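Lifted from TrEMBL, the feature list:
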- 262-303: repeat 'WD' (REPEAT)
- 534-575: repeat 'WD' (REPEAT)
- 627-659: repeat 'WD' (REPEAT)
Amino acid sequence: MFSQHSGMSEKGRLQTQGLLRLRQDNRQTGKKVLVSDEDEHFLVHGFYHLRHFSCDSPVRFMMYSQASDAFISLHSDNTVSLFKSKLRKQALMGELPFLGLTATNIPGWIIGWGPGPIFTLLDSELRHLDTADDALDICLCEPAEHSWELVTAGVGNVCVWSVLLMRCKLKIQEGLQQHRTFTQLTLAPPQKDRPHRAFVAWGKVVTVVDLDGGMVLDHMEDLCSSDITAMLFCIQLDCLIIASQDLSITVWGPDWVPHVTFLGHKDVVNSLFYCSKSNLLISCSADCTIRCWDVENSMAVDCVYTEQSKPPLCLGGTKNGHPCFSFSAKGVDLWILTAWYTLHSKLRGDEGVPLKQILVSHFPPSYPTRVVCVSADGRILLVSASTGAVLTYFKPEDRIICADYCLHKELLLALTEEGTLLQASTLTNPATLIQEWEGRGQGPWQHTECGTKRDAWNLPVPGPACCLVLYSSVTDPQTALEKWKSLREGKGCSQRNNRYVDNFKNKFWIIIGQRGGCVSVLTVDDGKVLCRTPAHNGQSVTAMQVYPKNNFLLTSGEDFTLVVWRVHPDSAVYLSQQQTVECGQPQVHLAALELQLALTFQDPYSGSYGIKLFNLQSQKQLNYQQNNAHLDSLTGVCEIPGPKVFVSSSLDKTVRIWNERNRLIWVQQLVAVPQCIAYSGNGELFLGIKGDLYRMEFAQFLPKKYRQKFSYNCFEDPLSDLPVPEIEETHDQTDMSNCKTEKLPKAICRNQVLSVNVQQDKEQLSIRDLDRKALKGIVNCPKETKQIRKEAFDCYMGKLYGLPPCKKIGPEEDFEEFLFNTKTHLFQSHYFPKLKEDTVPQSKQDIHVNVQKYK
């Protein structure tokens, strides 16, 4: 199916081939999503056909117009057709004799080009606006990713065009053979050490052109053994992808080192398209197939067979890939590229370190939603659930086995392999270690803890902690919210003064499970042991799960039992055993939904894996359907309260959803193993895949009766994505510099802020720090008050910019207008120091006009 130049095991090849066969076998099952609410839904990454449009005249070119929200096709008889997103076709009046159309980065402007020296500007209705008179021969045209320019290639030339001026800025002919007709063109945006480049292909040769310097950089003649049939530069992966007549697709790295070669098409590959949202490469071929490839993981993902009489000639689509188009000699087809899960945050995948735990903080919309990720090497990362930005991280010297997060106190709680509890503040980046507790809950039993002295002698001595959870009882939410906001505003300088957020109404406890069969309750602030309770017949505790809303705790032990505990936040008893469930097998993953428990199970006879639902009230057990069970061990189980379903992930690369009757209702086939799983609380799941955090959207594809039961939370909060102040890194933390907020990769997450904005934020923070230092020299305030802060600000703005004291800004006033007036004053003092008052601009339009005059 593919060959990786760095080598790949036979097991990997068999898994890839089996995955393709599985998806082909379930192609018809996947279509049930639109027609059935009772059968299980099997969904995979890949192409799904939407509709076919027959055409009277063959299509010679097709593009997507964002202004028209439609695909525009040019036909051999010069007619034009529009294909709307609502799956309807609309013919346009008139004819366009162009060879092709290209949408510019200027909204509503389209360029019609070729054949020959034709370069024409059109509006969104394809009406003529302007024509360039200095064009050379044009056969290919591509828009620049980073500017409003277009790049064309023709017989013996490559040109750079200014769309605004409608003239050719740069003509490159030297170094290009005069009669060479280029058949492929793709562009690479400029980077720090590389200029804006164009790759043009003719035969087996790829020519690299410097579009900034206007020169030919190189002729690559040994890349392919046969003529090139399709070529694409992938910006996300910084690689050049080439398809040739030998039916191969090769991915070339920046240094012209082949990364992977995909094999599978049985005829010439006509076109390539990369979908940035799903991170999949799409290829269409004359063998009547469309194939999807995972370039980053070197895997074949999907294969779709089209009609034998309509082999696709070309494909393309929007930047996010919804929908895509392909056209053949007999018509146009629209497709949807499914992306059921996408990369949310780039964490440790490049280093090959898997994730072992994901925790999501579920709080009211007043609080931001955070995701805690624990990697296998002990690093803990705190990620924003809305943007995917890494807010801070914590890397202790000892290896971490599990962790939890107290949002109200901005504290990370971690447990080392030796049983030491660590407490770190998340108000700094990286997180600052505050306290370290050893041996909590250990030591011989006292007769007051377990009944009599005889019982104390017979029980094993509790050993080190092996798992922990955080229990929070917030019955005074207003006080907790105010304390948290005060803690955030202090930015860590008053951590110790404000850490006592709990009072007689709000309580925060650490509950640990220990070796030797013991469960202990500790305070968060000082680690004081409040109580110890014997558990699991003296056998070690293996897993814990707490549910503060219902005040109960689940623990499983090596004695193959699961114990349900009642938590008493307002009593001196703290914990009391309610029920014991015989599991018969060790439990590593636990989940509960009201009175139902989800227990993992392995059938020793069939070798299948699944979950069993146990009802605490009726004492009844619901077994899973063996034909729907997982094929390998489970890696995680979580509950979804709204529709009352459970989710399980497995080493068989699937995620399955089970209803309250333990019937399988949804299956998601992945291209990699889900290492851990957690519910986001917003109709989505967070997955750990190859060390990175992925986000899976599934709620909208469930049956209607389940979708209506979802309750969606609001992720937006003004404090959710504030940058965490950085502190000086130690030597062992330098390898995590890529996890800082301002140094995140561009592909880190959905809705990520552009890197240029991140750089601007960094510069603004630096300026703000300098301003604060300057302010300290101007104003000496022994005790900070609102009036002192206002006076300090007035003095600061007056000395630096000559501004008068600002008026009081109340909630009823327009703050944006105040900012505009302030910026206008600064702008005037900088650009118009000698202008009279009657010539000072009073509006944004006047400022724009004066800037032009000033220049």
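Quick reminder: no glycine exception, Cβ is built from N, Cα and C everywhere.
Tertiary proximity for the repeat 'WD' (534-575) is limited to same-chain residues at least six positions away from its ends with a CB under 8 Å from its CB atoms, namely 445, 449-450, 459-460, 463, 466-473, 507, 509, 511, 513-519, 521, 581-592, 594, 597, 599, 616. The repeat 'WD' (262-303): residue composition by secondary structure is 0 helix, 26 strand, 16 coil, according to DSSP. When pLDDT values are averaged over the repeat 'WD' (262-303), the model yields 88. Shown for the repeat 'WD' (627-659): DSSP residue counts in helix, strand and coil, namely 2 helix, 19 strand, 12 coil.
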